[in-house]
Amino acid sequence: MQASNTLISLLSAIAVLAGLGVGFGALLGFVSERFKVKGNPLVEKIDALLPQTQCGQCGYPGCRPYAEAINEGDAINKCPPGGESTIAALADLLGREPEPLDGESQAEERVAVIREDECIGCTKCIQACPVDAIIGAAKQMHTVIEDECTGCDLCIAPCPVDCIDMLPRSTPLTQWQPVVNASTADLIASDRAEEPPHVARV
Amino acid sequence: MSRAFDFPGGVYPPERKTRSTERPLSDTPLPDRVVLPLSQHSGRPAVPCVAVGEQVHTGTLIAQPDNMISSALHASISGKVVEINTAHIIIEKDTGNAGDKKDTETRLKPLDWRAAEPETLLERLDTSGVVGLGGAGFPTQVKARVRERHSLDTLVVNAAECEPYITADDVTLRHFAADVLEGAQLMAKLAGAEQILVGIEDNKPEAIAALEAAVPKSLPLPVVINVIETRYPSGGERQLIKKLLDREVPSGGLPADVGVLCHNPGTLSAVLHAVRDGAPLTSRIVTLTGNALARPGNYRVRLGTPMRELLQHAGLNAAKLTTLIHGGPMMGVALTDLDTPVGKTTNCLIAATADELPAAPTESPCIRCGACEDVCPASLLPQQLHWYARAGDDARLERYHLFDCIECGACSYVCPSHIPLVDDYREAKARLRLKRIEATKAEHAKHRFEFRQARLAREEAEKQARREARLAQAKRPSQAEENDGASNQADIRSLRIAQTAAKAAVRKAEKTLARAAQQDPQQDLSDLETQLATAQENLKAADAKLSAARKPSTS
């Protein structure tokens, strides 16, 4: 009698635990299917920090492939359009040491401009443009849509008549940035300039 | 309603208002030459619609609004257009024989606002170039349209005018209280409001008396005058709404979110003139004050008049002038050029002497006294913002709600270390805004790149499909294909999965686009459209690959 009671309680315990195991297993399986994260979220985050000029100066065909390469362990200092600030942001995200930029940084934003009377209409630049910012047809003049151009330079090399220039981009007045004077608060009195720099004089 | 609520913080700077209210309102002489900037309002600059050399009259449309948030611009004197560039249009009065000709004016057809259709009234506001004359210059027509997305119950006439020196609204109310109230009735009708509330500080007794005399004649909505204590910055939109109605405008929101629309008295009288008289906005009332002027007062000024002419008319003593401030002493900007033209948002010019507004003493380090927190009317933490702005810590600035700062200058006013706190905030805001613009630009370029990749993949897949179809055609007579049927089947299955995924992506993109379009039809949807096109290209590529894989096996 007692033996059968022990057996029953033993069996019931096993049954309950097995049932719980199956139940939670099913739940986990369902959740992992239902809330599956597609792709690697870290690649997305790296891609978001890159400037998306798609210029290929890093040696990869676009920003997304470079983001994937960084995730695989490639260096984070290969993006000249992003400059030091992008390197700092990437180092912060990935917990790596910031490295000096590999290549020359660009001082100002630039935009491609086609000298239209010299264009022969070969469409080579149209095929090279990574963001479809050049319009035109075969044997017709081409031109660059300024707002869409990322200033990547990729159209310069294919042009057989060298009629594309990279010019500084005109910034609208609404994007004007105030000229910041260094704060004098931390200077001792003898090092200060005579007059506070922010007072405008007529 | 006599009950008044309260907003946090605030300061009591010297008012210095009486200097400019002693002289009655008068007109300044017509300028010989006006410079009319194309961007005198918030939003996009207007687009010129006249040519150089064209003859214009006062009130002739010279630049049209560009896009949704923009405003029209009208000639403010009659004469000839002499210069047009990307920033401004210059008009010169005729010289020679015609020079003695009087100023000629063109007006639109007068409208009766009680009878007219709302759409007609909105269009009239749009074509008359009326913008908020209080300082921000938001196009009034756009503000009148908020009814389309918010339900409103109260129209607030913001007559608090809390900044020292400025009396333009005070004088407008003294002279034209009835016009202002009629303009308020008009805007309330357009907005669908049920009551009109006038918020006015107790330091303007004459304006209050004029308003009280005008209230009984103002129909059809009830008008309540709410006299509030004089404290800076009670004229801030959010602060006034809190004070009058005890409603708090949410962070990053608009007064319309709490059912309120705020208008400045000057704007309301300009609205009425545009509708009742058909007169576009070509002049405004400007307070000219400061100790460097012999005849301070309020003047009706044609837009585009060079400030030098105005100040000379008011008796400028150039030797005593040290600082010229556009706007009030708390929020205004110091100008470096006396030839700057008067714009739609110029409510006050202060020609100050060195004793009156002395240069700020040299800045010292922050001592963490907390005085700035006590006076902040937006309940922010100014010293934290100061540290983070100087350190360039953009993430923290956003977390501490930098964009809720109204730049009232109360913190800089009380700072014992004389730190120009508001300058820090303005600079940080400009930097953050630029960063946001760059982020959206990068996002846009990314979508275009993805679309191009998808298009190239689709073209490649279609080419492949055609090639395989040709091959199959050529091979068919010789032998049926028996090669690796199993792997072909597996290929087809994976291609079918890819096709289903592409279909789902297209549906998702369509849904996102539809939802965004429904939420805000005016926003820029081009990025979402590109995303949808990308998904469609991907689907086409998958279709092409699938049909290419199927053909050899079925043949």
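Every residue gets a Cβ built from N, Cα and C, even glycine.
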Candidate sharing the [4Fe-4S] cluster 1 site with B:CYS366, B:CYS369, B:CYS372 (per TrEMBL), from B:CYS162, B:CYS262, B:CYS415: B:CYS415
The annotated region 'Disordered' range in TrEMBL, which must be one of B:97-129, B:460-492: B:460-492
Correct range for region 'Disordered' (source TrEMBL, candidates B:278-298, B:425-445, B:509-529): B:509-529
Candidates B:CYS366, B:CYS376, B:CYS405, B:CYS411: member of the binding-site residues with the richest Cβ shell (10 Å): B:CYS411
Residues near B:CYS415 ([4Fe-4S] cluster 1 binding site) in space but at least six apart in sequence (CB under 8 A): B:ALA371, B:CYS372, B:LEU421
PLDDT averaged over every residue in the domain '4Fe-4S ferredoxin-type' (B:396-425): 93
Other same-chain residues whose Cβ falls within 8 Å of the Cβ centroid of B:CYS376, B:CYS405, B:CYS408, B:CYS411, the recorded [4Fe-4S] cluster 2 site, in sequence order: B:GLY9, B:CYS372, B:VAL375, B:PRO377, B:ALA378, B:LEU380, B:PRO382, B:ILE406, B:GLU407, B:GLY409, B:ALA410, B:LEU421, B:VAL422, B:TYR425
Nearest-integer angstrom distance between the alpha carbons (Cα) of B:CYS366 ([4Fe-4S] cluster 1 binding site) and B:CYS405 ([4Fe-4S] cluster 2 binding site): 19
Per DSSP, three-state class assigned to B:CYS411 ([4Fe-4S] cluster 2 binding site): helix
Local backbone state of B:CYS376 ([4Fe-4S] cluster 2 binding site), from DSSP in three classes: coil
Other residues, Cβ within 8 Å of B:CYS366, B:CYS369, B:CYS372, B:CYS415 Cβ centroid ([4Fe-4S] cluster 1 site): B:ILE367, B:ARG368, B:GLY370, B:ALA371, B:PRO382, B:GLN383, B:HIS386, B:CYS411, B:VAL414, B:PRO416, B:SER417, B:ILE419, B:LEU421
